Amino acid sequence: MAKYIFVTGGVVSGLGKGITASSIGVLLKASGLNVFMQKFDPYLNVDPGTMSPYQHGEVFVTTDGAETDLDLGHYERFIDENLTKESNITSGRIYKNVIEKERRGEYDGGTVQVVPHVTNEIKKKVYHAASTSKADIIITEIGGTVGDIESLPFIEAIRQVRMEQGRENVIYMHVSLVPYIAASKESKTKPTQHSVRELLSLGIQPDIVVARTEQALDDNVLEKIALFCNIEKSNVLVATDVASILWSHKMYEQNAQIVISKLLNLKSLKTDMSEWKRFVEKINQSQQVIEIKLVGKYIELPDAYLSVSESLRIAGYENKVKIKIDWIKAEDVNKKNDQQLLKNAKGILVPGGFDERGFEGRGFEGKILACQFARENNIPFFGICFGMQAAVIEFARNVCHIQDANSSELTETKNAIIDIIRGKDKTDALGGTLRLGNYKTTFVPNTLAHKLYGKKWGFRTSRHRYEVNNDYREQLAQAGLVFSGLYVEKNLVEVIEIPKYPFYLAAQYHPEFTSRPNKPNPLFNGFVQAVIKNK
């Protein structure tokens, strides 16, 4: 029988509920338990696939093709498990299911209400995750902040879960802000007290409070939180401002796994954190700083490229260097200033992104110039998704001399080097129209991609609708572009490279989704190694 941990947040958003949940997942997995993680998001979008990166940050794609919240990237990196579409449930999806059932007459003409129909649908998703994953522990993060009107059905649903499953099978963990007031040199517990009081008014008594704070908290503060939150002092955990990847180690040092095992009546846990300790050692050994220029469209919100930046840092630690990212807005790069913006670059990365007709000036030409600068100056280059398409178009224009080479996604052109995938008809719809999830990529022998992966093929995660136009492949290949990774079944290009350069490679899929702290993605690892050699 599965046991459940629900993680809520209070006072303000952005406190690190996802990192907290992930860290707990690490501890429990290191204790020999099977863990499954999911997140409930209160917004009414069916999924985040059509949301602006400025609103939502990165869209993380699971192997089964679900477009999900960026927190799932944290979950997968921390617990080293591939999650599924059942790991991210939105209010939009819940209400859509309820309305569809009502239209089919499944409620026998009854009045459809938030309680019990919406809450039952939410609980169904929790229990379905338990039955399909066969996990020992289901960790569920509730998005938003306690008290938000949008999250009330989820709070009510998880209250009912404890009633149905029993106190020894359910834990409520609450992450709350404990601000430090510099003027008085005090840590204030009042916001947390009020947040827990709000939670109590909704029928939930938290079992563990995670105090999110800038400064370490002394015993007096911990005792005060415990007193006013009705919990033992040992059940107050502290999360200070450290690198997110270190949170699990900090939780381990506070015996979070012991607290959880007592609350859930688990057998005595033997937690082996040796793998994470090795990773922490790598971080501590990484002193040299290497700068990589990332030329992207949404750099004002770095969370839009969260998995990319995390993958770079992980690869850096693997090679005992710290990666510093120089964020360059693609829209700012033009022929007058590209030399200035990109000079002294040791490595250039152009990540994914989307654009639309009439807005091709919003960054795409800047990405093309970045690709050209890297190629002409023999700078290690790595392109991802839209970044690969930019690299192919740049090569077509400046090496093959196809001056009007472009993407049909952006503009009408006689030479659509990038065109819509056959079978993906053009449509005004946005949601659910992409090539999503894992597809088998075959690597061409004696290429850089084949060397880096060390295998003939593998499944890679895609999120796109446009591809290299096969009508131009022969011309591009004759000019020196190598198509080193292919989806053979439909003859689609997945990886390109230029062999005469130390590292000039781009992938149509998203390698950043598969990096793990002790297992950097091979393409990121190879790119960072090339940058180190170029320093």
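Each Cβ is built from the backbone N, Cα and C atoms, and glycine gets one as well.
Among K39, K134, K224, K233, the residue that Swiss-Prot places alongside S13, K188, T189, K190, P191, T192, Q193 at the UTP binding site is K224. Take the ATP site that Swiss-Prot assigns to G14, L15, G16, K17, G18, I19: the candidate from D64, D69, D71, D80 listed for it is D71.
Going through E67, E76, E331, E409 against Swiss-Prot, the one listed in the L-glutamine site together with Y54, G353, F386, G387, M388, Q389, R465 turns out to be E409.
Summary: among the binding-site residues (L15, I149), the fewest other C-beta atoms within 10 A of the C-beta are counted at I149. The Cα of I149 (CTP binding site) lies closest to that of S13, out of the recorded positions S13, K188, G387, R465, E512. Among the binding-site residues G16, G18, P191, G353, G387, the residue whose Cβ has the fewest other Cβ atoms within 10 Å is P191. Using a 10 Å Cα-Cα cut-off from F386 (L-glutamine binding site), none of the recorded positions among G14, I19, Q193, K224, E512 qualify.
By the criterion of other Cβ atoms within 10 Å of the residue's own Cβ, the least surrounded of the binding-site residues I19, M388 is I19. Cβ neighbour count for E141 (Mg(2+) binding site): 29 (other Cβ atoms within 10 Å of its Cβ, all protein chains included).
Within 10 Å (C-alpha to C-alpha) of G18 (ATP binding site) lie the following recorded positions from E141, K188, K190, Q193, G387, H510: E141.
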